[in-house]
């Protein structure tokens, strides 16, 4: 089952989430929206195992990276109808 990984614009470019990910789902890409001039990106979500280590590593008050497990995504989509 595939999980959804969302990166929010509150990312400060610290790379903590990228280093915490055991399956290399995340990488840093150039972005002018923060002081670090980079932001996390999730190009390989199919490799996400749902461990949420990236969430735990995020130092921002509002988590900049969130993992939505496949069953959480399915449940929330059902509420939209």
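The first residue you see is number 1, and the count goes up from there.
From the backbone N, Cα and C atoms, a Cβ is placed for every residue, glycine too.
There are 18 other CB atoms within 10 A of the CB of residue 14 ([4Fe-4S] cluster 1 binding site), with all protein chains counted. Annotation comment: Swiss-Prot describes 11, 14, 17, 58 as [4Fe-4S] cluster 1 binding site, evidence class sequence analysis.
All protein chains shown were included, and the count of other CB atoms within 10 Å of the CB of residue 51 ([4Fe-4S] cluster 2 binding site) stands at 15. For 21, 48, 51, 54, the entry in Swiss-Prot reads [4Fe-4S] cluster 2 binding site, with the evidence type sequence analysis.
DSSP places the residues of the domain '4Fe-4S ferredoxin-type 1' (2-31) in helix, strand and coil in these numbers: 5 helix, 8 strand, 17 coil. According to Swiss-Prot, the domain '4Fe-4S ferredoxin-type 1' annotation covers 2-31, on the basis of sequence analysis.
Using DSSP to sort the residues of the domain '4Fe-4S ferredoxin-type 2' (39-68) gives these counts of helix, strand and coil: 8 helix, 7 strand, 15 coil. For 39-68, the entry in Swiss-Prot reads domain '4Fe-4S ferredoxin-type 2', with the evidence type sequence analysis.
Between the alpha carbons (Cα) of residue 17 ([4Fe-4S] cluster 1 binding site) and residue 54 ([4Fe-4S] cluster 2 binding site) lies a span of roughly 4 Å. For residue 21 ([4Fe-4S] cluster 2 binding site), the nearest neighbour among the listed binding-site residues (11, 14, 58), judged by C-alpha distance, is 58.
Within 8 A of the CB centroid of the [4Fe-4S] cluster 1 site residues 11, 14, 17, 58, the other residues of that chain are 12, 13, 15, 16, 18, 40, 54, 57, 59, 60, 64, 65.
For the [4Fe-4S] cluster 2 site, the Cβ centre of 21, 48, 51, 54 serves as reference, and the other residues of the chain with Cβ at most 8 Å from it are 5, 17, 20, 22, 23, 25, 26, 49, 50, 52, 53, 67. Long-range Cβ proximity for residue 54 ([4Fe-4S] cluster 2 binding site), meaning a same-chain Cβ under 8 A and a gap of 6 or more residues, is found for 5, 17, 18, 20, 21, 25, 26, 40, 65, 67.
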